[in-house]
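**Student:** Sharing a structure below in structure tokens format, with a few things to ask.
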């Protein structure tokens, strides 16, 4: 006879590819978003928060590299008695919702419409190490302006944002390229077939990985890759491939040199010349605002996004080296990208609406600041008021209330107070700077004991150093001087080592 | 012959029950969340951000008033070749994810674990006017402390939060009740049958609506409601119903009077006495911190949530009157609720873990501040630098760059500059305080024109007032005094009416 099965307990697990963020992981991100929002706001951009859920119809299938509808998004069908409900999905980025918002509210919005948006987006992808299916984006876009001044402004703003969050000048570079120049190059090459143009685009996307010679081979007959597999080439003849390579390697010592190289690469193409003119104007508008080549450069070797965007393309890269998980030095790499795109609003309205914008990868930026040691110190926990006498909880509440009114982060120990050691272990786990102790004796004498837990930990670590041993880490103070003494201890803890206490 | 149908354009619409938030709608909420987070943090609570997506298994079916699994949530099945993928869902509140997080990470978290969380939650409900399927919650909970000091602390913190976001003392009241007292009352009544107890609970839930006499009828034989329908009663005899009514109406002039009434209502019930003791201790702990009955009161008429919580129950109500959509005065009502609950973590671990917390309805609070005129003035737009000469865009970029470096919110007009009137219309739509104008003539003379748009609008409105007419709203200043003059105009605009300019 089979036993009656009990309902098994639910597993306490995040779904695969999702994670929880604790304490400073949350507050550091919140602070970074606030700093970026302040820059965006100063540039005249307005906040927009659209809902996380959109109709699949409105989202379209604009997720790069995804061919099947709904692939790449989390989607479900609305309940409907006739099984005819709308398909809804979580947004996969902040740009597709912007296009929907602009199309929906265009009569009420100013034109041009500068907006910023920040929040989580979701991708229904196979999760992997460090790859999450929910992550933050932080975007700014200008909709309804065809002027390259809008593109230049976005680049300047991106530069300000990076410096505002703590990446100093010299530790980053913003590179600008232009899809129109590439179109001009394709024209100069005589590549008119769309499929062949797409092949060329796919090939130059590998420029970062395989370099100039690799691209040359892949544009021609093909190439043996590192794994030993032979990759078929696009089949262009050598001369035909030259303009693309000239384009990719056209960066000169100065802006004017780069522009001259590009003009040569596009030959007689009108759209190519227009693209080069745009890059020239962007450089000059940035120069007028004081953004020189130490911050923003014209760099045709930037290929990421060239397939997606229709005009200028931007990428911000951090240029300092970090150690990767295997201890090897490598450049930190890209933290933001963007560019000009046209088709998104047209899907809804039939009218082409020019737009340009960027997305800042805040999680990558936070990781960069951690790698450089500019974030991620031990966050200070609360002052912990210990409970020596359970019956006198009201006294401890009065103490903690007083501390909080003085702006001091503080809490009463609310676990079982029986074992005092557990209370100190708790304070340690909370990274508490100070424990307040008021036993029966202290209460009678009108005093409290203050334990400097940071100094105490240092003394414990450096037990051989006589000078540390001699410094007291516990103080008895009159109850009415408690707040002042706590302020003093907190100040000494935040002073540089050796000057404390 | 049928025509070939074109793919119709997607509709630019939010899904039903969702909406977009623009500009100050977003920033006012962000600021409110930051203020509440600062209070939570000062009380020793740590930030937690769990993912929006949970397994349906982990969420369980704890959404109140929902019987069928998945009802009330947005859920979908993970893709899996064998059609055996997990069911995932959007979180419907922040408490269910907390239970999962605590069960999953309990070995790494301090006990007690004080955490706060803020973010959107989603409910798959029929949308209605003013009812949205995505809205913000802003929670704080203490997990792992059975002490009523944890409950008292939550009430004090809620009071601080309300004052911090701009609800002055006297405009709100926090009411505290206790489920254990009600359990004691049921015991005193001799109601031991669970189904009958549930009937009584459902009935007292209507106390807010039908009042004392209505509840008396519904506990007995039943009642003719306003629509003329007869509602069957629980079927208690009159004497049996008395303790519940005594409980609901036990609030006295003072705390001790209320407590005495409650002690009478629970008769000899042990759990009832425990409940009254808890309320007494909460009142005394709050008193010790200076939170008197002007902020937090013991009030057994609070019935919302009594069915869900297992111990103390809290509710914050705004006590001022507002005008509803029909122009009638009414009290604003509840903006936060919470209480003590036990079963949530037990689902995962088998161990009962006590927990208590609150959820603040930030959207309701924002609405309250708007209704009182304490939020929602016209947000200041950016200074708009107009474009008089398209070829001199670099000059305008230099101007706007200078303003931004001085911390002044500013932008260049990026639409088609041909029609100057459109540029001023745009500045108006953007709620711009000042327009900067630098035509060929100004450029040659080294000056700019500054148009005070706020003063200009006032003059236009008050055309009959000679004093306004005489005051200039446009100023010519040397280019190198532009920033100083703009600062001066902005300062005059934010000065009280009549003192400006």
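Placed from the backbone N, Cα and C atoms, the Cβ positions cover glycine too.
So TrEMBL has the following annotated:
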type: DOMAIN; residues: A:29-382; note: domain 'Aminoacyl-transfer RNA synthetases class-II family profile'
type: BINDING; residues: A:93, A:94, A:95, A:123, A:137, A:141, A:304, A:308, A:309; note: L-histidine binding site
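Could you tell me the structural context for the features on the list?
**Tutor:** On its own chain, residue A:304 (L-histidine binding site) has A:205, A:208, A:313, A:315, A:334, A:337 as residues at least 6 apart in sequence with a Cβ closer than 8 Å to its own Cβ. Residue A:304 (L-histidine binding site) carries neither a helix nor a strand DSSP state and counts as coil.
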**Student:** State the mean pLDDT for the domain 'Aminoacyl-transfer RNA synthetases class-II family profile' (A:29-382).
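**Tutor:** So the average pLDDT across the domain 'Aminoacyl-transfer RNA synthetases class-II family profile' (A:29-382) works out to 90.
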**Student:** Name the secondary structure element type, per DSSP in three states, that contains residue A:93 (L-histidine binding site).
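**Tutor:** Looking at the DSSP assignment, residue A:93 (L-histidine binding site) belongs to neither helix nor strand, so coil.
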**Student:** Tell me the Cβ neighbour count for residue A:95 (L-histidine binding site), meaning other Cβ atoms within 10 Å of its Cβ, over all protein chains shown.
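**Tutor:** By my count, 20.
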